[in-house]
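Student: Quick one: this structure, given as C-alpha cells, is what I'll be asking you about.
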Amino acid sequence: MAAAAVAADSKIDGLRDAVAKLGEISENEKAGFISLVSRYLSGEAEQIEWSKIQTPTDEVVVPYDTLAPPPEDLDAMKALLDKLVVLKLNGGLGTTMGCTGPKSVIEVRNGFTFLDLIVIQIESLNKKYGCSVPLLLMNSFNTHDDTQKIVEKYSNSNIGIHTFNQSQYPRIVTEDFLPLPSKGQTGKDGWYPPGHGDVFPSLNNSGKLDTLLSQGKEYVFVANSDNLGAIVDIKILNHLIHNQNEYCMEVTPKTLADVKGGTLISYEGRVQLLEIAQVPDEHVDEFKSIEKFKIFNTNNLWVNLKAIKRLVDAEALKMEIIPNPKEVDGVKVLQLETAAGAAIRFFEKAIGINVPRSRFLPVKATSDLLLVQSDLYTLVDGYVIRNPARVKPSNPSIELGPEFKKVANFLARFKSIPSIVELDSLKVSGDVSFGSGVVLKGNVTIAAKAGVKLEIPDGAVLENKDINGPEDI
C-alpha cells in the first residue's frame, strides 16, 4: 500500500473517532461528512481532458424560444403545477451587505423582502390556477432559528411553507486533521454548511422527499433565494415532464461580468458542469472567453424527485469537491463543499435550457439593490419586471464605493433612487450622497475628493458626466 494511502487511512480513522463523539449532529450528518472527506483524501477527482470538451448541441442545451407553449386549458395547467415544488436555498446570511440574519429578509423593494416576494409569487400562482405549489426553504444552522420566526407571518397564506436544515459539518483543523469542535471550539465557528450540493441528501434525510413523493409531486425547482428572476416557468416544467428529463439547469448567455461562472459542456457523451476551479491554468483565459463558452449556470435547477431518491439511496451523487480553506481565530481550517449544479452528470436525460437573462437577477451587493429599486424595474404580483422603456438589452454597470457597501449606509445616501433607464454605467467613489429626483444618463462617474462631502442636488440631470466636485454638476 502506498504511503499516501496509509496516511489518508490514519487521518480518516482519527477523524472518524473524533466525529463519533460529537453530540451536536446526527448519525446521517456524521456518515455524510466522513464519506465526503474520504473521497477528498482518495484524490478521486478526475482531471478534465481539455481536448475531450465539446460544445453542447441544441438537443443538450435547448434554446428557450424552441420550447412548446404550455397547455392553454386551465385544468391541464393545474395538473402540471400540482406536480411542482419550489425550493429556495436560504442558508446565507446578509453579512456581506451589513445585515444581520438571513439574507432573504433584506428589503428589496416597496418594503418587501426576498422572502415576501417569493411567497406573493407562489400565492398568486396557486390562486390563479387553483393549484397547491408548496414552498420549501433549505436553511443552514446559521439561518434556521430566525427563519422559523419569520415564516410565522405567512401563516394565513394559501401556500404550505416547509423548512428543513442542510447538513452541519465540522471544520477540519489543517494541522492535525481533527474536527475543530472537538478542540473546544463549541460555538458556530466550529461548523459549516457544506454548500448547496447538500440539498439532495438533506432533502432525503429530513423526510421531506418521501412526503413530497407520497403527495404525487414530481419536480422540484431549486434556486437561490436572492435571485429575483428565478420564478416558476410553466413552459420549462411542461417540457421536462413531456420529455422525461430528470434534471435541467437554466443557463444564460455570458456577458463580461459573468466570465467566472460555471458553464455546461458535453464530455464523454454526457452533459456536465465545468467550473473555473477545474480548468487547467493554461486554459483559464479560454474558459473566460465569451467566444468558446457562451453560457453560464444561473443555479436555477429543475430536478425530478424520484431520480433524487434513487441516486441518494444509491450514494451515487459524487459531485466534485470544492476545498475551501479558512482561518478561525488564527487556526487554519478546511471545509469541503459541493455544488448542486455539478450533480447534472448523474441524472438521466439531463439538459440545459438557454433562458433569457431576465431569469437571472441576483442581488449580491448594494449595486444590485440600486438596479432593482430604480425605475428600471416595476413590481407586479411579487414579480420584478423590467421597464420596457429601457431600450438596451443589458443592464447598466454600477460600481459603488465602500461607503455604500452596507444596506443602511446605501439607503442613507439616497433621498430617492435615481432614474437610470437611460444609464450605461455609473461609478461612485468617496463621500457622495444623492438628492431626490436625480436622473442619470449615459456614462457617469462621481468621485468625491478625500475629506470632501459631495451632494448631488435634487432634480439634477447628469448625462455623460465626470464629476469631482460641485462645480462639475
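Quick reminder: no glycine exception, Cβ is built from N, Cα and C everywhere.
Summarising the annotation, TrEMBL assigns UTP binding site to K103, Q166, G195, D226, K364. Taken from TrEMBL, the feature substrate binding site applies to H196.
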Student: How many angstrom lie between the most widely spaced Cα atoms of the UTP binders K103, Q166, G195, D226, K364?
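Tutor: Result: 21 Å between the two most distant Cα atoms.
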Student: Could you round the CA separation between Q166 (UTP binding site) and H196 (substrate binding site) to a whole angstrom and send it over?
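Tutor: Each residue's Cα considered, Q166 (UTP binding site) and H196 (substrate binding site) end up 8 Å apart.
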Student: Inside 10 Å of the Cβ of K103 (UTP binding site), count up the other Cβ atoms and send me the figure.
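Tutor: Other Cβ atoms found within 10 Å: 23.
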Student: May I ask for the distance between the residue listed as 'substrate binding site' and D226 (UTP binding site), taken between their Cα atoms and rounded to an integer number of Å?
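Tutor: Given the Cα positions, the residue listed as 'substrate binding site' is 14 Å from D226 (UTP binding site).
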Student: Using a 10 Å cut-off on CB atoms, tell me which of the binding-site residues H196, K364 is the least crowded.
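Tutor: Ranked by other Cβ atoms within 10 Å, the binding-site residues H196, K364 bottom out at K364.
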Student: Please give me the CB contact count at 10 A for G195 (UTP binding site), counting all chains in the structure.
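Tutor: If we count other Cβ atoms within 10 Å of G195 (UTP binding site), we arrive at 23.
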Student: Starting from the Cβ of Q166 (UTP binding site), draw a 10 Å sphere and report how many other Cβ atoms land inside it.
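Tutor: Its Cβ has 27 other Cβ atoms within 10 Å.
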